[in-house]
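A.B. asks: Sharing the features that TrEMBL gives for it:
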type	residues	note
DOMAIN	A:150-440	domain 'NADH:quinone oxidoreductase/Mrp antiporter transmembrane'
TRANSMEM	A:25-42	transmembrane segment
TRANSMEM	A:54-75	transmembrane segment
TRANSMEM	A:90-119	transmembrane segment
TRANSMEM	A:131-148	transmembrane segment
TRANSMEM	A:154-172	transmembrane segment
TRANSMEM	A:184-206	transmembrane segment
TRANSMEM	A:226-251	transmembrane segment
TRANSMEM	A:263-287	transmembrane segment
TRANSMEM	A:293-314	transmembrane segment
TRANSMEM	A:321-343	transmembrane segment
TRANSMEM	A:384-405	transmembrane segment
TRANSMEM	A:470-491	transmembrane segment
């Protein structure tokens, strides 16, 4: 009878009343599939013959989901789903705008590519110790970090992907892996803890954790001091995650130590999550403070791209050359964030997508090169042009693409960024982009010249690709990734349209906020009826 | 009350930064644990600390009483504690393993991944 005494409750005051459209479920499906298949792989971890088939099925399904989500967002605009039907800002919202959906799509591609490559690389011991569960958990963590609309939830996904990456990094437990993993683990843990502290301040200042709600409240806040402090703390934490100079030292210390498939997925995804978080926080949530920090971001960007390229020039180990090139790429992405103009952000979005694909492909390529040449040392590798001419073609395509030379995908975003820099008179930033491209060309073409063109070292015997186990699946994967960079280079129009739309959405956070709060009028209408 | 917790948090951060500046991994580990404790206390203080009114909605009402304690930071802190604890457990094993394998906990001597005195890359064929 107690219930009868209470006034009638209208659930529409607190809940999203309409069931989400069927297509909207795509936003949580990568998470659901990733975790289910990770659990299945964990259960079958002793069955090392069947486990890879389960893992690849999971990776394919995740890719299908993110492709579907990307098409859905492309056609219908930003997709929002509130967990537990709680109206924003109370429930955790998943929000897929064009930026999130695009990066999720590319993560799906990178995840599947490295998963297939690892079929021939990860041995049975590594499978038993959980290679595929870690891979699936990390991939789900990365995709959900791109899709979540709640800042504390973003912290949770950072920790999920961090734990997955720890597991992948130390599989094998060699001395150099333990050394690299120690540095990686400590510096990343400190970065996420700083991120958590910034989240605490956000909560203290705004009383909310929903990104759209914070953006709404930050826009009408007059006090600059606390808001700028929080934005700077976020910048510090995410620059550390993204390995921007001067917080980059964990990356070249660790990325070359695990399997190349692991290095590939790390280089493709992990630092880019940091870049994504910077774009989301500094453009959607605190756009005014980005303007105040712009000069600092520009200096960090120029220093990262130049020192990354110089670092790549000084390495003798091919894998470590790539580690420094990742840092250089991060600098180029941050240049667009520093500029903040539509052209600059479009360039950053395009470059981020390009870099995810190309850096992954380069790591996989070096995996095959190292296996065929018998060494990763530039002093001793050689002679691969004679034994593996097609691999040389792929290598040259990727080398040109990462340097930003035509006709591949690295060219267009760099043109955008240089143009955007000159538009605002930041000639030194444009010069840094061009000089870093020049240094990158030297570093990567030198790798090509020594490993492929030079005759084989007298002590070494380079194998033909038929003798290299990773090449059988590795070459088709590499051909696919190369195809992407060639298509984006030769016919950039659709890619530029998407990146222009990303830039437009980032510069107009009102669209993001409206999308999150759109369920409200719908629910109110439901109440009226 | 917030002031006292803020001072305490500051002490935690000071201790953690001092420990993390050490060359020895085990002190850095203790420093990161202290740092996450400081972060948890920060979240707690940011939710404004009151203790007079419990965050329980009285019968017949739909909102908690005026001045009730904030329950959300506790949920956040609980999540953060669980995550920090699992990371600590992982790091502890990692540190122990690398001490066994590398025979040192001095970060200056941990140069297996990036050996000192590597030759420069070749300048020509």
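Just so you know, glycine gets a Cβ as well, placed from its N, Cα and C.
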A.B. asks: With pairs 6 or more apart in sequence, are the transmembrane segment (A:54-75) and the transmembrane segment (A:131-148) linked by at least 3 Cβ pairs under 8 Å?
C.D. replies: yes
A.B. asks: When you scan the chain for residues with a C-beta under 8 Å from the transmembrane segment (A:131-148), skipping those not six or more beyond its ends, what do you find?
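C.D. replies: Here the qualifying positions are 27, 30-31, 33-35, 37-39, 41-42, 45, 51-52, 54-55, 58-59, 62, 66, 92-96, 99-101, 103-104, 107-108, 111, 114-115, 118, 122, 154, 157-158, 160-165, 167-168, 171, 265, 269-270, 273, 276-277.
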A.B. asks: Check the transmembrane segment (A:154-172) against the transmembrane segment (A:263-287) for contact, please; criterion is three or more CB pairs under 8 Å, pairs 6 or more apart in sequence.
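C.D. replies: By the criterion, they touch.
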A.B. asks: Taking residues 6+ outside the transmembrane segment (A:293-314), which of them lie with a CB under 8 Å of any CB in it?
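C.D. replies: Same-chain contacts beyond the ends: 228, 231-232, 235, 239, 244-246, 248, 252, 282, 321-322, 324-335, 337-340, 426, 428-429, 432-433, 435-436, 439-440, 442-444, 446.
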A.B. asks: Against the transmembrane segment (A:90-119), which of these stretches has the most C-beta pairs under 8 Å: A:184-206, A:226-251, A:321-343, A:470-491?
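C.D. replies: By the under-8 Å Cβ criterion, the transmembrane segment (A:90-119) pairs most with A:470-491.
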